Amino acid sequence: QSLFFCAFRVVKFRRTGESSRSDEDGISGEHEVQIEGVRTELEPVELGDGAAVPKEFANPTDDTFMVEDAVEAIGFGKFQWKLSVITGLAWANAMEMMILSILAPQLHCEWRLPSWQVALLTSVVFVGMMSSSTLWGNISDQYGRKTGLKISVLWTLYYGILSGFAPIYSWILVLRGLVGFGIGGVPQSVTLYAEFLPMKARAKCILLIEVFWALGTVFEVLLAVVVMPTLGWRWLLILSALPLLLFAGLCFWLPESARYDVLSGNQEKALATLKRIATENGAPMPLGKLVISRQEDRGKMRDLFTPHFRWTTLLLWFIWFSNAFSYYGLVLLTTELFQAGDVCSISSRRQEVQAKCSLTCEYLTEEDYTDLLWTTLSEFPGVLVTLWIIDRIGRKKTMALSFLVFSFCSLLLFLCVGRNVLTVLLFIARAFISGGFQAAYVYTPEVYPTATRALGLGTCSGMARVGALITPFIAQVMLESSVYLTLVVYSGCCLLAALASCFLPIETKGRGLQESSHKEWGQEMVGRGSHSPGESQE
């Protein structure tokens, strides 16, 4: 079987594969081929095995495309909506975090635990998360995003349910540490999710699945109101694993990242995944042949410290540290400040508390649950504000603005304000620091190439857990000696983090995801028309 076509004097075509290449390469998106003379005869072109020209490859220019081009061409559709819900269920593991503030006072009363053992129950979860974040990132880069995510979620589900059967303190301490170990891998859902999103929808979609975190915390408080008075904390632990149980039942639908498959040399599997997405979205595949990216070593720590990424990695580590340090610090401070009434009342309150026995037992009341619910709801405005500004001013400026607003609100707490004004300041501060956290989750997967994307996110998440581990010593221990020094520490840390955000060398707004670590930014990252050849890269 033969295919016949005519050659005309001038053939003008656009290479679809150039969608993720920069104009700086000296390659234009349009090419003209001048043919001397007009050839009127038809040229036969043999097809292999006598097969018909496949629809998706019926391109007379023999063009090529990369995964980035396919994701952009297929766009956002039914597939991405399903993926949003499933990865969001994994992200609802916030319930396993929120339960710490509910479980601690309950066990303090029921098992007569001293304060240091109650604090250790919280700290051990963060120790588990810190120790495992880099490991899960390495697994996701070496063996696939889907593999790493499934194992971490199933691990968290198993030990989360098992925690409800802990007979003594030492058992629950170990089991909650193992739960933390599993939670350290759940952020890899962002890596998998981001690699299936077109450029224009990426920031908004990643921010929207962060809503599942806020929903998880709200649901946990509401669940506690119903379960704690009747069934007790053991059933609360078991029922808190429901979102992860739903994820475990639906994870068979999840495909492996096409970017990962191409990077690991599995071109056929990547192409099948892209065709599946195109079919579900009702969109056509790009014309041409899928290009196999250069195979690279994946999940190597040294790749985070190459000349192109060394400064970015160090600054991101500090930004993530500051985010968690300030976010969880504010959560702890909120309880202290609400109980005291305002900053000026804390010193006198401390003198009264010192006279009490360390084993004084106080169960959470309905008013306590109401306060928890209101402070948790502040994260929804944080999502909306970040969603509105992140594609307008960019990722770097969004993170810097979030840190600056938090720092300003922290300084305003120096004033002896009433409870209503105090509530407003804490609400605004938590909204913006959670928004900064969400912006970091958008920026980090965008800035690293496919070979180290999961590891980069994992190490950043690990640094965040270091901040979460340290912050109780500031928000609780230092607070006893000086509330003003405590506020200065948080405010100063966020001011430095705002500067670090501004000094990040790369702005990822309007750029595609980098496939290869061997290419400069601009060779593979910038879409058509995003900047002129003379424009400098940020």
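A Cβ is built for glycine as well, from the same backbone N, Cα and C atoms used for every other residue.
What TrEMBL records for 82-509 is domain 'Major facilitator superfamily (MFS) profile'.
Sequence annotations record features per position, and here TrEMBL assigns region 'Disordered' to 515-538.
Look at TrEMBL and you will find 83-104 (among others) tagged as transmembrane segment.
The annotation transmembrane segment is assigned in TrEMBL to 116-139 (among others).
According to TrEMBL, the transmembrane segment annotation covers 151-172 (among others).
Long-range neighbours of the transmembrane segment (206-227) within the same chain, counting only residues 6 or more positions beyond its ends whose Cβ lies under 8 Å from a Cβ of the stretch, are 84, 87-89, 91-95, 97-99, 102, 189-190, 193-194, 197, 235-236, 239-240, 243, 364, 366, 369, 372-373, 376-377, 379-380, 383, 386-387, 390, 434, 438, 441-442, 445. Look at TrEMBL and you will find 206-227 (among others) tagged as transmembrane segment.
Residues annotated as transmembrane segment in TrEMBL: 233-254 (among others).
As annotated by TrEMBL, transmembrane segment applies to 308-328 (among others).
The feature transmembrane segment is assigned by TrEMBL to 398-415 (among others).
According to TrEMBL, the feature transmembrane segment maps to 421-443 (among others).
For 455-475 (among others), the entry in TrEMBL reads transmembrane segment. For the transmembrane segment (455-475), the residues of the chain that approach it from at least six positions outside its boundaries are 119, 122-123, 126-127, 129-131, 133-138, 140-141, 184-185, 187-188, 190-191, 299-301, 303-304, 309, 313, 316-318, 320-326, 328-329, 332-333, 336, 440, 444-445, 447-448, 486, 489-490, judged by C-beta separation under 8 angstroms.
As annotated by TrEMBL, transmembrane segment applies to 487-506 (among others).
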Near the transmembrane segment (308-328), which same-chain residues lie under 8 Å Cβ to Cβ, leaving out any that are not at least 6 residues past its ends?
399, 403, 406, 430, 433-434, 436-437, 440, 443-444, 447-448, 452, 456, 459-461, 463-468, 470-472, 474-475, 490, 493-494, 496-497, 500-501, 503-506, 517, 520-521
I need to check the long-range neighbours of the transmembrane segment (398-415): which residues 6 or more away from its ends have a CB within less than 8 Å of a CB in the stretch?
319, 322, 326, 330, 337, 343, 386, 389-390, 422, 425-426, 428-429, 432-433, 435-436, 439-440, 443, 484, 487, 490-492, 494-495, 497-499, 501-502
List, by number or range, the same-chain residues at least 6 past the transmembrane segment (487-506) whose CB is under 8 A from its CB atoms?
311-312, 315-316, 318-319, 322-323, 325-326, 329-330, 333, 343, 396-397, 399-401, 403-404, 406-407, 410-411, 413-414, 433, 443, 447, 474, 478, 521, 537-538
